[in-house]
Each structure stands twice: as structure tokens, then as C-alpha cells.
Amino acid sequence: MSAEFESYEQDFAVLTADITGRIGKVPKLLGDEKKQMVANVEKQLEEARELLEQMELEVREIPPQSRGMYSSRMRSYKQEMGKLEADFKRSRIAYSDEVRNELLGDDGNSSENQRAHLLDNTERLERSSRRLEAGYQIAVETEQIGQEMLENLSHDREKIQRARERLRETDANLGKSSRILTGMLRSIVSEETTQTILAVFQILST
């Protein structure tokens, strides 16, 4: 089983050495040669990842008592792979910058253009920030006005409710007074009627 692992190791060493050399060439090439070199490196990196996967599978099949040494070597290969990918990324960034300059015709003024662009973006951000702050202030003031209106409406509703209660009490008192007056009138009428009848009897008796 270790023989299979060591075979993959040799392939990985040859492949990564070739990748390292090609990555160093990327920034020095131009046009189609750069594009082709980048494509080749991407393909080789994918092959290296596949080799690492095969090596990991082999390590899992190795007896536990012998696995530690191979696991340690795998960690080293993964670190090497990570370094290659980082180097390739930096190389591609340089490649992209050069291609962009070739396409756009950037020259020594590119840094000045970048600074002007950054200043323009900063000014736009500041204007947007001021507009947001003004909008926030308006929202706060609107909320305060709305709160005051709600408080006033609540106060007015309490006044209306108290007035309704007083009207109900007045109606109740008027009803009670009306009943009392009606009873008094009935009593007065009844007493006068009685006195009149007595007076008529007295006249007839004489």
C-alpha cells in the first residue's frame, strides 16, 4: 500500500515543480501566450488536487500503526498545494492588471486616475451619508409630531368621555326630578279634588 502512496508522491513532486516554473513565467508573457500559460497552470493545479485526493485515499487504507508518518507527509503536501494556489492567484492578479492596461491603454497616469476615482467615490459616499442623515432627521421629527398628535387625540377623547358621563348624570337627574314633580302635581290635584267634593256635600246638606 505504501508503494502506491510513494508513486503518487513522485508524480506530485514532478507536477508541482512544473507548476512552480510556469507560475513564475506568467507575469513575463504577453497576450495569447499569457492566456495559454494561465490555462495550462489551472489544468495542472486540478491534476495536483486529484493526486492529493488519491494520496488521502491511500493513507486511509494504511494500518493505523503506520498511518502517522504518511499523515504528516500529507499535511506538508497540502501546505505546498496551498502555497502554489496563492502564488498562482498573485500571478493572475498581475496578469489581469497588465491585460487591463493593455486593453484600456493605461500609462503612468493610471495611479492619478485611480486616486481621482477614489476621491469621486468618497464624495458620493459623503453626499449619500448626508442625505441619509437628513432623511433620518425628518423621520424622527415626523415621529415626534405623530406622537404629539396621538397624545392630543387621547386627551380630547378623555374630555369627550367625561362630557358624555356628565350628560348621562344630568339626564338621570332630570328624569328623577320629573318623576318627583309629577308625583307632587298628582298629590296637589288629588287634594284639591277632595276639598271640592267636600264643599259640594256641605252645600247640599244645608
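Placed from the backbone N, Cα and C atoms, the Cβ positions cover glycine too.
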Suppose you had to name the range TrEMBL annotates as coiled coil; which of 31-61, 124-154 would you pick? 31-61
Same-chain residues near the coiled coil (31-61), Cβ under 8 Å, at least 6 residues beyond its ends: 1, 4-5, 8-9, 11-12, 15-16, 18-19, 22-23, 25, 67, 70-71, 74, 77-78, 81, 84-85, 88, 92, 95, 98-99, 102
Arithmetic mean of per-residue pLDDT over the coiled coil (31-61): 91
